[in-house]
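Asker: So Swiss-Prot lists the following for this protein:
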type   : residues : note
REGION : 1-185    : region 'Actin binding'
REGION : 106-109  : region 'Actin-actin interfilament contact point'
REGION : 186-295  : region 'Actin binding, Actin-severing'
REGION : 235-257  : region 'Disordered'
REGION : 296-366  : region 'Actin-severing, Ca-sensitive'
REPEAT : 56-141   : repeat 'Gelsolin-like 1'
REPEAT : 179-225  : repeat 'Gelsolin-like 2'
REPEAT : 287-322  : repeat 'Gelsolin-like 3'
Amino acid sequence: MATGLIKAKEYDWKDSNLALFGSDTEKQVKKDSAATEPAWKGAGQKEGLKIWRIVNFKVTEWPQNQHGKFYNGDSYIILNTYKPDPKSNELAYDVHFWIGSQSSQDEYGTAAYKTVELDTFLDDKPVQHREVQGYESELFRNYFKQGLTILEGGAETGFHHVKPTEYKPRLLHFSGQKQQIYVHEVPLVKERLDHKDVFILDLGLTLYQWNGKESSKEEGFKAMQYLGLMRSERPKAEAETLEDESTPESHKFYTSLTGTDEPNLVKPLVKEENQLLKVSDAGGHLKTTEVKRGAVNSKDFSSNDVFILDTGDQCFVWVGKGRFAVGEAEWTRISHAHLMKTCHPLAPIHVIKEGQLCKAFNVAIAA
């Protein structure tokens, strides 16, 4: 398990033009995928959550006991299958691709491509979503009732069963409210401690839970659950719960925080004035033109067109029925290109075909 933040450029794929399609990456993906993708076998046949990880252009299933745990060096595809009407047998889908902050452009492109492939496999019924580490949508976070856990490195390092006596220290930060608890690994430095949150210092056979004086009950409870799970995996490990103000500076918890800090690049997304853009392909090239700003409602959308609705904290691509035949991958790419020109390039992207269910979109056009 990696202990410090990886030195590679974070969100390196962000500045890519995502020119995956027709590229060597696409050819490699198609070659590995062949006629059918074996990972999709059985996908979408019953309600529930399925997760896959991208490994060398291939889609590999992510174990159910690892659901909610992601590594920042990896990319994942998440499929949620549900019944909009409990009285009906009809199934609906949301398919997300999640990109870690240290994920490569190839992984980003492969995840995006494979998400479109899964959409096609499910007869174009899913709503597609792009999720970026630290900027996940509320819909995505709500899948994981125990909260999201983001760890350093790739899953390859995570699956090595390191003996506790050889374990490299790590500091886990628990933040959020109610069901929206976010757990992520941070540098081993005292400056990262926040009185409003809870932390776990994992030293292998010694575990400390540090409760900030202003932390919430939900954060403390989540950390306690996490600590219990760690102890079940390491029966010989000893755990101690520490309170912020009553723990002396000489305590091993503090003296163990000897790492090097790294800048925290995650900045909260902020709701901004709505911006509605129309996508056209005049001259054979996709381009966007602003239609309006401010309040947007259903009457602003036409079945013969494609629109981007940018709310600052989210980006929606609405595809009219008359444009379904156009390659869906293009809609992810055009929204990615649009966001690159804004101050919120990592906002969640939702691709919605006319008539599909998307609660966040309905809220956005009703505001």
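Cβ coordinates are placed from backbone N, Cα and C, and glycine is handled just like the others.
Note that the structure is predicted; figures quoted are calculated from it, not measured.
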Asker: Could you break down the residues of the region 'Actin-severing, Ca-sensitive' (296-366) into DSSP helix, strand and coil, giving a count for each?
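Answerer: Per-class counts: 26 helix, 15 strand, 30 coil.
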Asker: Counting each residue once, how many in the repeat 'Gelsolin-like 1' (56-141) are helix, strand and coil under DSSP?
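Answerer: Reading the DSSP string over the repeat 'Gelsolin-like 1' (56-141) gives 24 helix, 29 strand, 33 coil.
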Asker: Give me the mean pLDDT over the repeat 'Gelsolin-like 2' (179-225), rounded to a whole number.
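Answerer: On average, pLDDT over the repeat 'Gelsolin-like 2' (179-225) sits at 93.
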Asker: Tell me the residue counts in helix, strand and coil for the repeat 'Gelsolin-like 2' (179-225), as DSSP assigns them.
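Answerer: Summed over the repeat 'Gelsolin-like 2' (179-225), the classes give 12 helix, 19 strand, 16 coil.
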Asker: Quick one: DSSP breakdown of the region 'Disordered' (235-257) into helix, strand and coil?
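Answerer: The breakdown for the region 'Disordered' (235-257) reads 7 helix, 6 strand, 10 coil.
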